[in-house]
């Protein structure tokens, strides 16, 4: 299918993937490539426009230089943060270290231009933005004009209207920049003239064709967790190759309450997919005994999954592929997407936890999609709402929600506490009648392997602590902690302490992402 495309060159920002998400929200196809993508490949890609991402480095570092031939292609270019500095530096301007690092909220005063026209909210010629930079442009290249400034950054926005080159010293892709989406839409749709053709039905058509081409007549095994990602991956792959797909549902003893039965019933009823149920609790618990480091736990769980899949593969004559529900945020948190340029935060079970000697080839049909796109895809594939809009659940399961060593005792306590929390979220609504489960993007309980003193009845208790975590996010790259009603939190706490023997204290996590990640490990 021929469609207009935007190219994003990644200089290493942790939020570069959000640029791609915002472009796709405008229904325009885009791809993210490393900053050092060869010019001939850029020409072959034939983009309608180019976006240069932010990054943690200086324009004077020779290792982070794109081919400046991009400025001779006759297409619009938007430089974001480092991308703006790169543009200014290579087109004859000057970039110098700032007197002070600018990080966080700022207001940019603007003048009307092609980039800023009709994007304001309440205050004309004012943008509410998120800054994150040290260096700044101190002298404009020839042909450029200042179109925005802040008190500490006199050149916060610049443009060359004739060549359609634009630079902005803030991040329009993050939700903290209120008019960011409108600004990116202005660039992509109006300045670049890209026609919106990126939709989930189109994606299904292309993905199905790609899966069939990759797999051929081979059989595929998919690790089914019951979460959104693996469920949608199963539906998409099943749409492409039917009974060549066998889902392996591994009960590693780290699932949510009654999840095994629910997942088996759901897939038999809704998808008609072949599912093998493997009870491997003893195998996983034995390997995890005494292990406290979260990275080691992830890698052990990943390795044990592969052992299980290898055992099942021997029963399937043509099995050559291991399918996973890996999505964009998984990849960027492990190493910075396809470009491998962003600073690693932690390994993801679907990405960094697999052994090098894995016998099966990987099939990851969702790895270029964000979570909300995955949900859209699930609906387009005809999956039921309760499956598609279920909160995410990590591949390692409760193994990364039990801090430190994993024990069956801890998992049993956590399962009960988590189920109570989710029940109350589903049963409590806001003033508009929407459940707090639907209002939050992800919610769960975390087991803390420490004991605290309590009093129940006339006696002293010395039992474990659980933390409740609930966040609101549109993309899982950044997140706000959910401001749940005190009455709801109190009810959850009372039920857990009274109904789960072994827990006597409940706390609520009020950390955002960043600085914290959504999961505790």
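The backbone N, Cα and C atoms fix where each Cβ goes, and this holds for glycine too.
Taken from Swiss-Prot, the feature domain 'Glutamine amidotransferase type-1' applies to 5-197, supported by sequence analysis.
Annotation note: residue 81 (active site, nucleophile) sits in a coil segment as assigned by DSSP. Annotated active site, nucleophile per Swiss-Prot: 81, in sequence order, evidence recorded as sequence analysis.
Other Cβ atoms within 10 Å of the Cβ of residue 171 (active site), summed over all protein chains shown, number 24. What Swiss-Prot lists as active site is 171 (among others).
Residues annotated as active site in Swiss-Prot: 173 (among others). Counted within 10 Å of its Cβ, the other Cβ atoms near residue 173 (active site) come to 30, all protein chains included.
The average pLDDT the prediction assigns to the domain 'GMPS ATP-PPase' (198-390) is 83. Look at Swiss-Prot and you will find 198-390 tagged as domain 'GMPS ATP-PPase', backed by sequence analysis.
Around residue 228 (ATP binding site), the C-beta neighbours below 8 angstroms that are at least 6 residues distant in the chain are 325, 371, 374, 375, 378, 387, 388, 389, 390, 391, 392. For 225, 226, 227, 228, 229, 230, 231, the entry in Swiss-Prot reads ATP binding site.
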Residues near the ATP site, 225, 226, 227, 228, 229, 230, 231 excluded, by Cβ within 8 Å of the Cβ center? 224, 232, 233, 325, 390, 392, 393
How many Å lie between the Cα of residue 227 (ATP binding site) and the Cα of residue 81 (active site, nucleophile)? 36
Where residue 230 (ATP binding site) and residue 171 (active site) are concerned, what is their Cα separation in Å, rounded? 31
Going by Cα-Cα distance, pick out whichever of the recorded positions 81, 225, 231 is nearest to residue 171 (active site). 81
For residue 171 (active site), just give me the three-state DSSP call. coil
Chain-internal residues near residue 231 (ATP binding site), provided their CB is under 8 angstroms and they sit 6+ positions away: 224, 267, 325, 378, 383, 387, 388
Near residue 81 (active site, nucleophile), how many other Cβ atoms are within 10 Å of its Cβ? 27
